[in-house]
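Asker: From TrEMBL, for reference:
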ACT_SITE  A:Glu293  active site, proton donor
ACT_SITE  A:Asp367  active site, proton acceptor
ACT_SITE  A:Glu395  active site, proton acceptor
DOMAIN    A:11-132  domain 'Alpha glucuronidase N-terminal'
DOMAIN    A:136-455  domain 'Glycosyl hydrolase family 67 catalytic'
DOMAIN    A:456-680  domain 'Glycosyl hydrolase family 67 C-terminal'
2 protein chains.
Amino acid sequence: MAAHADDGYRLWLRYDLIKTEAKLARYRQHLQEIVVQGSSPTLKAAKDELKQGLSGLLGNAVNLSAEPSRAFTLVAGTPKSSAFISSLNVSTRLQEAGQEGYLLFTHKTNGRTCTVIAANTDAGVLYGAFHLLRLLQTEQDITSLNLSSAPKTQHRILNHWDNLDRTVERGYSGFSLWDWHKLPEYIDQRYIDYARANASIGINGTVLTNVNANSLVLTEEYLQKVAALANAFRPYGLKVYLTARFSSPLEIGGLKTADPLNPEVQAWWKRKVQEIYRHIPDFGGFLVKANSEGQPGPQNYGRTHADGANMMADALAPMGGIVMWRAFVYDNNVPDDRAKQAYNEFKPLDGTFRKNVLVQVKNGAIDFQPREPFHPLFGAMPRTPLMMEFQITQEYLGQGTHLAYLAPLYKEVLESDTYAKGKGSTVAKVVDGSLHQYTTTGMAGVANIGTDRNWTGHHFGQANWYSFGRLAWDHTLASDQMAQEWLRMTFSNEDAFLQPTRKMMLRSHETVVNYMTPLGLHHIMGWNHHYGPGPWIKDKPRADWTSVYYHRATEKGIGFDRTKTGSNAVAQYFAPVEKLFSSLKNCPEKYLLWFHHLPWDYKVSSGRILWDELCYRYAEGVNEVRDMQQTWEQQQNHVDPERFKHVQTFLKIQEKEARWWRDACLLYFQTFSKRPIPAGLEKPAHDLEYYQRIEPKFAPGI
Amino acid sequence: MAAHADDGYRLWLRYDLIKTEAKLARYRQHLQEIVVQGSSPTLKAAKDELKQGLSGLLGNAVNLSAEPSRAFTLVAGTPKSSAFISSLNVSTRLQEAGQEGYLLFTHKTNGRTCTVIAANTDAGVLYGAFHLLRLLQTEQDITSLNLSSAPKTQHRILNHWDNLDRTVERGYSGFSLWDWHKLPEYIDQRYIDYARANASIGINGTVLTNVNANSLVLTEEYLQKVAALANAFRPYGLKVYLTARFSSPLEIGGLKTADPLNPEVQAWWKRKVQEIYRHIPDFGGFLVKANSEGQPGPQNYGRTHADGANMMADALAPMGGIVMWRAFVYDNNVPDDRAKQAYNEFKPLDGTFRKNVLVQVKNGAIDFQPREPFHPLFGAMPRTPLMMEFQITQEYLGQGTHLAYLAPLYKEVLESDTYAKGKGSTVAKVVDGSLHQYTTTGMAGVANIGTDRNWTGHHFGQANWYSFGRLAWDHTLASDQMAQEWLRMTFSNEDAFLQPTRKMMLRSHETVVNYMTPLGLHHIMGWNHHYGPGPWIKDKPRADWTSVYYHRATEKGIGFDRTKTGSNAVAQYFAPVEKLFSSLKNCPEKYLLWFHHLPWDYKVSSGRILWDELCYRYAEGVNEVRDMQQTWEQQQNHVDPERFKHVQTFLKIQEKEARWWRDACLLYFQTFSKRPIPAGLEKPAHDLEYYQRIEPKFAPGI
């Protein structure tokens, strides 16, 4: 119970004294006082953050001043709030910054040097303030700044799959932050710190509730609670959204139908939306999962997804709200290829959605697998804004205890070329609206945040929250840069620490792919909880909920043929991509078994046969975890004991579970390949039955 | 994310610099170095605690030394571990201290002054260390100490009603501390701090799992996890216990029966116990809820509670383990009076239990009501050690958000006179074994601890954990003393703070009784979740799970006649108590409607008629909460902003809910009394139907 300064609660917003003396001296010189003119709650938040941040980083109480009065001053504000900012004549440059961007520059005049944060809005000022703090935290030069920044997507949103009983679907870091029972009265300090953390990386919206929705949250009783959260978040530019259960009119409205074309239903939603806005004047809108995995939807009434989305959109439009309609759908009938479903259902609807509807598409066509090729819908709906849905929580990537830095996964998807409008039509350009001139854009991340003291369970899980936010703001950022920023802010600016740990982070996603699903394998995890390996899963209510449906291993070979000779899912991509993935020769090896069913003795690029390559990849995954362990062991002097031990323990769990994955998968696939594990590789510690008997109980994440 | 020094995580173990300068100087003079001779994990824990505690309290790093080397030294150890202690010739005095007690005295010799903590065991040293720290925290004189202390009960145990999925039955402070999924590898710092907190108040055992038990915890997989917790707790003298589901032989043993007289079943439990002890060599034993509320038990096989308890006891005896067999039972048939059941089932079994069985009896005969007369079993089983079971979690006392200091409740029960062996045969003397010469003794408290940052949800909930532990060690402590200790250690030593807040605490239990169940009313709470009022609850699966069964309100009157003219439950008490409670004239008014059914116009001691008195009591309850609010408002300068606001908010919720209780109960009972609420009292804000329609959703605590 000593001061738990290093329990990870502060995330990357650690404002400890800067260690490099020369930098510290320079910062102290340049930031002698803080002038934030204006008094809105958001400007107050910016002011408080700057005061708290600078005081900690510089180790002295930096004074607030109403006007610049020192030789070196920090000034922040908007032309409206601040006469000083207004006097700088930066209105042209500010135009580019838009509603949320900012300028950050050094201004010298009359022998006075001002570090200026200027923006069109108070939220922009806040974002700029966090940028300046980040520069200090990462020990960058601030003596001659000339920066501007504006977000590339409008809606940068966390999706919480949080239930009203505080369990979290696919949540591995404790329970839901939202203590519904004590709301609206009790405002946990954590709500504020949550909003601060989001603001610091540019996240401007949060969907509080699970996509498997409960209509209760739309009742008066709960709206009061939602409003209390919205009030707590508002100063930080964070808007609140809710999931809207499609059958709400029946469940809480007393209607006999939820048919979206029924006027009573339409009127009910209009009234409901008005009620919501009475409580939360800046309510963001609805996220909807409909006709998917048992959730009700418009198809229950013979209507289309567009009918359903448009009904809600019409109710929200007058208030400025949006609908985010998920493309992750399941037909009642098991399709020949699950991967084709979203495209088949949604592409024909392009152009039929209201303006305030975004279709939210998962990064891949299956379901957040360790690796998936990009979703073929991207590029295929030029008249419908498509939002990206990434998963930050590691449902299929080691859940609570595996170190997997996900920026490389996000980047791999964003940089994929759809060829929708020829070469260079990347997924990122679809999502940021530039390819199809979407007027609304967005990026969503399924949150990995819970009540665990360090927010994300694994300390390195924080890096995924961080990089999701940073990428939603600017998808051009490199994984390495974000890793370094996060490491510097969260742990240390020391080079001896940074170099090995960033390498470890950058490699970590590939490592997990290797010991879970190398070479394009997918969906071979344990049943239901998705924890651990389960390539033998079969005979479930739906074929496309099993593993054998996806890996298709037989004595002859393994892999899902999605070319013309198979499901032909590949035809959903634009021609150059289709050609690439269809070609055995050109198909990137990382997607090999995603698109091709191949014999066990097929020769891969290493010169090995497929079976041997699988064995080597699985082995490599385990070995790389051991490398990570070694890397971390060497950081003991750079990291506080509590976090050092925490990560060390989790890496130990990861190594154990990587072996579990490797051994279970290889033993299982070996029953088909009938080949030995190559000499020199570790042999499984147990027999296949042992692994098949493992039945995790009470695995977190429901 | 500023330092959350004041989020309550540190509980009463705050080691901030002592504010009173004169005291600080004295302490610094007397505690110049720490000498703890010996190297066991427990002595190391004592040493660490003293070093950390003194360094914080005295504001300077107090040095550890191998031998006394200064004019003023703190020495702690056992005669075995420490040559210095051994040389003091205190063996006679140490005999009284027993296995866990300690001496704390000032020893002057050769111009050197030593503050000495001496004990027979390392655990005793640790307890003594916490005592010394408490003296400093509460700013007591330590210049001339001559104290000894030994626990009055042997087994001082927390019962966690924690499920393996981390939900907590009747838990209102988040979720279970035990992160089973990450055990055995990950040892949360919180486990250590939990053990420290318990050691600081003398708690030496913890039952990790819910009495509504899951047999999985007895499997190899979970025993490894339990062992990891036991290892973490062991240095702090905290033993681990588990709940044993009676049907485990069927569920995890592959047997066809759990009949306690079946040799295979007996052999299974013996093997299982041996397996447990292989993992946890100092395992404490089992807590069992059998044949109660649907739990399996020996009666399923036509056997008695003694048969069941003895079978487990025989398995545990060779390893030194105990069985705590709960007397909280429900017959399959609804009895004429639920209050009589435990007595009827257990008294005839007196003398038939093995030596290592304790029967664990709730403080009252119903179920942890806001107030109950003491359980008639106390005193009635002279040949069977009876353990007290108190509830620390506030299932019926406002749950997570009401300030109710429970020491007065505990004391009221402990000081009740059973007259088992004539006047002075208090419940405390039954429990501490002195009345019937029990060779084993114990006291259990159902924990109020969860993942909430401040452990107990309400900051003042910490005081209930604290005072339970202190009373289990020494039941003669006064409520006021424990309140003051806790307030001083947790908040402030300032008199201006202490006087009003201790008054508030001491009155708070009575306040809750007033707005919930005055004058002996009981069991009129909401269905299932037990949250909020529900005097109208009827027509449930069992009559004795309803409210109308207990209050028996009609147009003629209200109350449960437990005298000869009614259920005659009162006959379960010894004659003088029976006489007292039976007599309308002498029956304490606080138990009036517990024992008597009375007409609405019955005159009570205030001169009012019963209906009016009910109205006044309910009104008084609400008014007293408002007094508490006023008291707290005046403490703003004495308490840090975070905890001040937290308590302020919770008091606001309490006031709202007190009104809810008052209005709902009065409106409901008014339908029978047909009398007006006396003039001058606040009228209910809504009609009865409004209150009956309130249906709490997702109330915590399952």
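Yeah, the Cβs are placed from backbone N, Cα and C, and that goes for glycine too.
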Asker: Tell me the Cβ neighbour count for the residue listed as 'active site, proton donor', meaning other Cβ atoms within 10 Å of its Cβ, over all protein chains shown.
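Answerer: Counting Cβ neighbours of the residue listed as 'active site, proton donor' within 10 Å gives 12.
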Asker: By a simple count, how many Cβ atoms lie within 10 Å of the Cβ of A:Asp367 (active site, proton acceptor), its own Cβ left out?
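Answerer: That number is 17.
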Asker: In which DSSP state, out of helix, strand and coil, do we find A:Glu395 (active site, proton acceptor)?
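Answerer: In the DSSP reduction, A:Glu395 (active site, proton acceptor) maps to coil.
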Asker: Near A:Glu395 (active site, proton acceptor), which residues of its own chain have a C-beta under 8 A away, given they sit six or more steps off in sequence?
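Answerer: For A:Glu395 (active site, proton acceptor), the qualifying residues are A:Arg170, A:Phe368, A:His530, A:Gly701.
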Asker: Quick one: Cα separation, the residue listed as 'active site, proton donor' versus A:Asp367 (active site, proton acceptor), in Å?
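Answerer: Roughly 12 Å, rounded to the nearest whole number.
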Asker: Go ahead and report the DSSP secondary structure tallies for the domain 'Alpha glucuronidase N-terminal' (A:11-132): helix first, then strand, then coil.
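Answerer: Tallied per class, the domain 'Alpha glucuronidase N-terminal' (A:11-132) gives 50 helix, 28 strand, 44 coil.
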